[in-house]
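Trainee: Mind having a look at this structure? Questions to follow.
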Amino acid sequence: MSASYQTIEHDVPQSYRDQILKWNGWGYTDSQFAINKDGHVTFTGDKYDISGKVMPHFRPWFENYLGIDLNYVSPAQKLSDVVIDAPVENEDLIEFLQENNISFSNAAKIRLMRAHGHTVHDMVNLREGKIPRLPDVVVWPKTEQEIVKIIEGAMSHNCAIIPIGGGTSVTNALDTPVTEKRAVISMDMALLDKILWIDRENLTCRAQAGIVGQSLERQLNKKGFTCGHEPDSIEFSTLGGWVSTRASGMKKNKYGNIEDLVVHINFVCPKGIIQKQCQVPRISSGPDIHQVILGSEGTFGVVSEVTIKIFPLPEVKRYGSFVFPNFENGVNFFREVASRRIQPASLRLMDNDQFVMGQALKVASDSWWASLKSSVSKMYITSWKGFKVDEICAATCVYEGSRDEVDQQEDRLNKLAEVFQGVIGGEENGQYGYRLTFAIAYLRDLGMNHGVLGESFETSVPWDKVLSLCRNVKELMRREAKAQGVKHPVLASCRVTQVYDAGACVYFYFGFNARGLSNGLQVYDRIETAARDEIIACGGSISHHHGVGKIRKQWMLTTNGAVGIALLKAIKSELDPANIFANANLIDIIGSPHSKL
Ligand SMILES: Cc1cc2nc3c(=O)[nH]c(=O)nc-3n(C[C@H](O)[C@H](O)[C@H](O)COP(=O)(O)OP(=O)(O)OC[C@H]3O[C@@H](n4cnc5c(N)ncnc54)[C@H](O)[C@@H]3O)c2cc1C
């Protein structure tokens, strides 16, 4: 990496982000899908269930399904070749940070590591060395008072601030707007990572906003509790990030989404600190101030501390799975589960494409018995039950509770599944499917190494529109890909991941072989934009939990209406009149250089 400026820094912490995370891909540096010496796909490292295992069926699936040649490599640039522009100079700010003993650095790699999230844009930019604009200096507040101080410093010295938690954003929310002329401070919350107290009586826990999900959960587990919030990004995303994006976890059916878990928030903004006077389960004091903070995506200020609900660790955790003859039966089963309110902690339905992909990702069985079992069950499903291999879909579930509760839940679900011709797929498959989620996040990097561009995006939709939305959006992605010149078959699949009384959350997975296209990223963009238009036309939402960031801003007006947007702007100008929190997420601010309104 080359940078032609002098690094200035003070008291830089040893951060896991700089030490064990990839600089241009997902997750831990030692963990990735790779091709082994026998030409099979394997997973490196030792952190996941599939680490060190071989997936003999994956390569054929990958090559046939997406028309890829794994011998063709589309290498990323090396870190040593990355050229980093000098930061916008602001000597007054640097003096201010030094005088106030605030940890900071403007070192090139430290800025780079905080310049992006994990959209396909972010990854392509990193791989091609084209990050348009980096933050100019990174600061690490150690206390809430330091956050207040840094905001004061930014106001006095004409700077902007972008808070960063785990950096797992998938909306370009962390990208520094290219039009920003002021020095931009990336406020890294990594040192605010402590649990402050656990209240066993009221089952609440107060923690600093920078605590990473897996650390929070591990510490709570040791004391006999869980917070129940388990997004797929839990290994790296933070409590403050969850609040700021209105996150949703895999087990929301039992524990709730982040907005259901939050009891109290401390929020530091240029106007001061927002905090309620009490920490009570519910309050009728006008519109809920927390709702303004939840989902604010770093545009109004900084979440510094949060009190959340906690729960005693469940006596029993059990996995389950079902196989359905087709997606429609699976969705109808989910609808019935929701209307009877018998959903287990987690319930996910994969369409046929994902089911097949999941099978392709199965590791080589190390016992002949395991492989026999799977071929016997394959025959049972296809020959005896008459399921068609190209229509089958599968659901995985997680039951948590007392032994009695779990037994009852499982029994009820097993019986109901039969009504929809569901076949019990067993605990092992359920556990495998659920845990595989964490490793699947690494798949895109393998694809990118071989010319594939891909992303997942999600929506929420009323029950009566789930099937038509899924069908239409998948069809549209295939059609649009052809129209945009994609020569190979595409991955256009979906899964239902969360159920509600009034509807469900649906994830789409889209990927294509961009080899031979000169403008792969633009093609990707056009297809995703068309897909989002289709989602909205089919009655879906702008996002169920990923949020808006910059990539979905264009649908904010349609979503909230002109008066709603005016209200958001009024809140912004009241809390942050000088637009210090200038990451340009959610809405465009009148008067700012990027304003289109
Ligand atoms: C593989 C993968 C799986 C994912 N799975 C899920 C999932 O299951 N559920 C889900 O909801 N999301 C998921 N996401 C999206 C992402 O993890 C969430 O949006 C998460 O809540 C972001 O948290 P973070 O700490 O990483 O925030 P960051 O990515 O660091 O920041 C996100 C936004 O919040 C702001 N922000 C962060 N911390 C603060 C703070 N303390 N104060 C003010 N603003 C702040 C940032 O400025 C930015 O605008 C996934 C992402 C990936 C890459």
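Glycine residues also receive a Cβ, built from the backbone N, Cα and C atoms like all the rest.
Automatic prediction, not curation, is the source of TrEMBL annotations.
Got these off TrEMBL a minute ago, pasting:
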- 131-313: domain 'FAD-binding PCMH-type' (DOMAIN)
- 163-169, 232-238, 245-248, 297-303: FAD binding site (BINDING)
- Arg348: site 'Important for enzyme activity' (SITE)
- Arg444: substrate binding site (BINDING)
- Tyr507: active site, proton donor/acceptor (ACT_SITE)
Trainee: Taking a cut-off of under 6 Å between Cβ and any atom of ligand 1, tell me which of the binding-site residues Thr299, Val303, Arg444 pass.
Mentor: Val303
Trainee: What is the Cβ neighbour count of the residue listed as 'substrate binding site' at a 10 Å cut-off, with all protein chains included?
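Mentor: Taking every protein chain into account, the count is 22.
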Trainee: A 10 Å Cβ contact count, applied to the binding-site residues Ser233, Ser237, Thr299: which residue has the minimum?
Mentor: Ser237
Trainee: Using all protein chains shown, find which of the binding-site residues Pro163, Gly167 scores highest when you count other CB atoms within 10 A of its CB.
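Mentor: It comes out as Pro163.
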Trainee: Enter the number of other CB atoms within 10 angstroms of the CB of Ala247 (FAD binding site).
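Mentor: Its Cβ has 27 other Cβ atoms within 10 Å.
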Trainee: Under 8 Å between C-beta atoms and at least six apart in sequence, can you list the same-chain neighbours of Arg348 (site 'Important for enzyme activity'), or say none if there are none?
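Mentor: Those within reach of Arg348 (site 'Important for enzyme activity'), by Cβ under 8 Å and sequence separation of 6 or more, are Met250, Ala395, Thr396, Cys397, Gly433, Tyr434, Arg495, Val496, Thr497.
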Trainee: How would DSSP class Ser237 (FAD binding site) in three states?
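Mentor: It is coil.
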